[in-house]
Amino acid sequence: MVNMKASMFLTFAGLVLLFVVCYASESEEKEFPKEMLSSIFAVDNDFKQEERDCAGYMRECKGKLCCSGYVCSSRWKWCVLPAPWRR
């Protein structure tokens, strides 16, 4: 009888411990995406604030030179990829 009470107590304690570990793991997983998104947007804002001396793809090139690998379209005045059919 005592052995059965001890095994029931250990089983119950194990289930409680399992519940606590799962709850802690789940709460950490809920915070992870929020932290990841906030860090991504923080990095994105740093790049937006950076001023460039050249114009990137599909940017207006009237007052600026296009970045390397792009040419200024004579028709649209945008920086585009160089191609044989573009003059």
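Just so you know, glycine gets a Cβ as well, placed from its N, Cα and C.
The disulfide bond recorded by Swiss-Prot for CYS61 joins it to CYS72 [selected from CYS54, CYS72]. Between CYS54 and the candidates CYS67, CYS79, Swiss-Prot records a disulfide bond only with CYS67. In terms of Cα spacing, the disulfide-bonded residues CYS54, CYS66, CYS79 that come within 10 Å of CYS72 (disulfide bond) are CYS66, CYS79. Rounded to the nearest whole angstrom, the C-alpha distance between CYS66 (disulfide bond) and CYS54 (disulfide bond) is 5.
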